[in-house]
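**Q** Can you keep this structure in mind? I'll have questions shortly.
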């Protein structure tokens with residue numbers, strides 16, 4: 001019995017495959033409506049199936065032998081065979097059913113009743129003009145070739161047939177630099193152009209230097225791959241490779257992708273460009289130092305002037321020793337680090353960098369003038385991933401966390417708030433997998449986690465994102481409702497956001513839960529009162545005379561710049577667990593938050609309105 005129950009429980013009914021339109025059409029076939037006669041046998045053992053590209057000649061005759069239409073030149077056609085993709089191209093029902101029965105090279109005659117060709121009700125293929133679609137007809141088909149095809153464009157205007165598989169998985173894309181052997185033929189096999197001798201054809205992806213359809217096909221290829229790319233005329237755009245395109249219905253490009261150079265537009269605006277000069281080892285991007293790591297690089301820095309003046313070379317100026325630095329700590333210019341993170345060990349890259357990502361915001365070498373564009377030739381020698389916490393005991397984990405937290409504090413004091421926040425958040429993510437085993441460990445863990453959340457809150461406040469700062473404080477208060485420092489920091493964030501009542505409530509609660517925090521809370525309340533008075537003064541000046549005008553008149557409202565101030569408060573000793581604010585960030589908060597928390601349409605149009613009406617006591621009025 002048990003085994004029978006197990007069998008019943010393990011049975012999962014299979015989902016019924018949805019019926020395609022072609023399957024529905026096949027149900028219309030009745031016996032005798034489609035007959036096949038073999039005229040010449042084909043070779044091989046396989047037949048074409050859905051997804052295969054089929055290439056065939058077709059000649060249509062009446063039952064008494066009169067040619068109605070043909071692809072063959074001897075019967076008045078263009079001599080260009082038809083290309084379809086089974087299961088994707090629109091085909092008459094008789095060929096949709098008959099061609100999958102053929103072998104490569106086979107010639108067969110299909111006798112079709114009208115419902116099997118263009119006489120089918122709702123036939124997806126329009127009949128040629130003056131075609132006898134109400135008659136029984138003979139369709140002579142020669143199946144020239146069939147193979148699996150990569151559909152590059154949804155309308156089947158660009159298809160690719162792989163001849164030899166390539167290496168790796170990466171394909172070229174804009175703005176990669178590509179080298180390839182390329183030849184082109186018309187649909188009937190006439191050679192149009194050939195670039196298969198001397199040097200491979202060089203072009204930059206995305207610069208219209210090859211026909212659009214060919215570029216689309218090459219964009220699906222990997223290194224050393226050989227393929228035929230079939231391009232119909234709507235994808236044949238003029239280019240240096242093929243200037244004349246008139247008169248071609250389709251072109252078959254034979255391509256061997258020799259090499260491509262990875263070129264990355266790091267910012268998307270063409271200012272910070274990384275160009276790979278020498279391939280590294282491993283698979284991109286899995287083997288790149290994407291995470292914070294200890295990196296070793298050789299580099300040569302050059303000014304982008306006519307002389308390409310070298311201002312530093314580790315092989316010369318550093319006694320041949322490489323530069324060693326930890327990523328994610330602001331130890332090198334931002335553009336430098338962004339590019340190194342996308343390099344493989346052993347790779348050499350040339351980086352072109354604008355001044356704001358080079359030395360304008362970083363310690364500038366003496367020979368680099370302000371506002372200078374630079375180039376770095378960088379070789380990534382290797383890197384060490386950060387220590388894996390798996391298998392560490394609690395004390396070792398907390399020691400590693402402390403190292404990262406100290407680094408975050410250093411970055412915070414240097415004004416690199418985004419980098420500091422990333423360090424704190426990294427530890428918090430790792431803490432999701434830490435399980436303290438004793439009460440003492442639990443207390444240490446909770447205190448450290450709270451400290452990290454408050455550090456994140458301080459970073460958000462410095463970055464002008466008050467609401468996110470409040471959210472970070474709430475995570476501490478959810479776990480420890482009487483946490484004085486969390487109340488203080490949330491109160492500061494509320495005050496910076498213009499939510500004065502919420503800020504006052506937090507500062508007053510500080511005094512209740514921790515008497516030792518009273519000096520800080522009192523100073524904060526004094527600052528809050530001063531800021532409220534300032535906002536009220538500005539509001540009264542702003543609206544002065546607005547309601548004294550006669551009907552139809554509009555008072556001019558003058559707007560003053562908001563003034564920032566100095567916030568002092570928390571004792572320096574508290575700075576050991578989390579950095580404190582040093583000034584009023586209210587202006588930044590209001591710019592960043594944009595009134596996303598609870599502001600109505602009025603506040604979204606006029607952000608200062610919330611604080612103004614709050615100061616006047618009008619924010620809680622109800623319109624009846």
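Cβ from N, Cα, C; glycine included.
Take a look at what TrEMBL says about it:
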DOMAIN    51-147  domain 'PPIase FKBP-type'
DOMAIN    175-261  domain 'PPIase FKBP-type'
DOMAIN    292-384  domain 'PPIase FKBP-type'
REGION    1-50  region 'Disordered'
REPEAT    484-517  repeat 'TPR'
**Q** Using DSSP, how many residues in the repeat 'TPR' (484-517) fall into helix, strand and coil?
**A** 31 helix, 0 strand, 3 coil
**Q** Count the residues of the domain 'PPIase FKBP-type' (292-384) that DSSP assigns to helix (H, G, I), to strand (E, B) and to coil, and report the three numbers in that order.
**A** 14 helix, 35 strand, 44 coil
**Q** How many of the residues that make up the domain 'PPIase FKBP-type' (175-261) does DSSP mark as helix, as strand and as coil?
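**A** Output for the domain 'PPIase FKBP-type' (175-261) reads 10 helix, 39 strand, 38 coil.
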**Q** Which whole-number mean pLDDT does the model give the domain 'PPIase FKBP-type' (292-384)?
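**A** That region's mean pLDDT is 95.
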